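Just dropping this structure here.
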Amino acid sequence: MSEHYPTLAQTALVAAAFKILLFPAYKSTDFEVHRNWLAITNSLPLEKWYVEKTSEWTLDYPPFFAYFEWILAHVARLVDPLMVKVYNLDYDSWQTVYFQRTSVIVTELVLVWALQTFIETAPLKSRRAAQTVALSIILSPGLLIIDHIHFQYNGFMYGILVMSLVLARQNSELLSSGLIFAALLCFKHIYLYLAPAYFVYLLRAYCLSSKSIFRIRFLNSIKLGLGIGAIFGAAFGPFAAMDQIPQLLSRLFPFSRGLCHAYWAPNVWALYSFADRILIHVAPRLGWAVNKSALQSVTRGLVGDTAFAVLPEISPRTCFVLTLFFQVVPLIKLFFQPTWETFIGAVTLCGYSSFLFGWHVHEKAILLVIIPFSLIALRDRRHLGAFRPLVVAGYVSLFPLLFTPAEFPIKTIYTIVWLVVFLLAFGRLAPASNKPRIFLLDRFSTLYIAISIPLILYCSLLHHLIFGKAYEFIPLMFTSSYTAIGVVGSWVGYMVVYFTA
């Protein structure tokens, strides 16, 4: 290990100390969501967990996460008994705040463990690069903003994902990798978007013979099938016994939401929505029809309120077909070339597809792309060229989550320092590729990062100084649309890299 880098444990310890200082910071409604889930799982019997609706923040994660909240609730009630009362809505005593913030830091140790495993199992010549990647993830601005200020438990669950991905590097651990991922699906169903890559990789590398795709390894297939069945049985079995599966699924998959969230996630539909806003002013001059009712909604993506004034409406089916198509394309290569690097690339592209074309995507889901991609970003300079605009766009797109003045210097300074330190380090560590570099991608990456600096300055500071509270949607629209260009450009660039590697 290079003496120039602190160890992962040392870094995690310093990061935890910094996160403790953020305990009094802004917290979103997600804080009350998780407090309410503590109360539901502590105060009510199992059969009422997915029925209870005293609060609007009903339990809508899979059963393993509910069991996780149940375990936390046993400690929470010792810290502050009022914290775990269902009727005690919007309760946020200092004991509650400190307990919930601490639980995020402690459970993030799963991510530290997974990243340490990633370092230790990396080839010796790649150990220094693996160390740098691990540090970049544990210090991720995304996790700091989403988990430790806004409030969620992504570090814990991405730790499970990273462990599964790392174990997949060893043929002897493929079964463990698949079972850990199955357990992850029972914690949070958003990871279903990555499941196609797992299915193809485990089918090809574990269930079929390496010599012939027509020879099935029956024992491996049985072990994998029984293991996954046991995990899903442990998660959903009790609710199936109570005939609550339809109710549970209605909580997990609510389809009444609109195409875009209130703040457009930086994906294809953000660009589509932006184009529609521009066409509202152009269409009358061209003689195009304008949907007058859609003009009533300046911010799109409110529940059940996604309407376009000029462009055609987008249906959930359209989103599903596009997502599936752009996932299947890289899976074809994975099936015929089932290496670990190709697998991580396919997982990354599945994350891209679901984020770019999915229905009602949240900006926080960008971590589905960034974290898997990080594991292979230093494979060579071509990979890094596609990765750079992704992290710039992805992390900047999270800024609107923290809209209070006190958090402005934290999110901007921390993110900019992270980008400068790690993108410079990555540039020094990424080896040259044996394939020619993509000129347009290199220029796009450099130009995109350069333009992002004044954009951040305007959207985060100058707009408010110039216009005050007027035109508040403009910086959000600019941020969403510009970061969408970065994510889409990164995706196109990585698709080229993936298929020519």
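All residue numbers here begin at 1 and follow the chain in the order shown.
Glycine is treated like the rest: Cβ placed from N, Cα and C.
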So, ARG127 and GLU472, same side of the membrane or not, per Swiss-Prot?
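No, opposite sides.
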Across the whole of the topological domain 'Lumenal' (125-128), what does the mean pLDDT come to? Round it, please.
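In the predicted model, the topological domain 'Lumenal' (125-128) has a mean pLDDT of 93.
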Using a Cβ distance cut-off of under 8 Å, indicate which of 222-242, 253-275, 356-376 has the most pairs with the transmembrane segment (320-340).
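Of the candidates 222-242, 253-275, 356-376, 356-376 scores highest.
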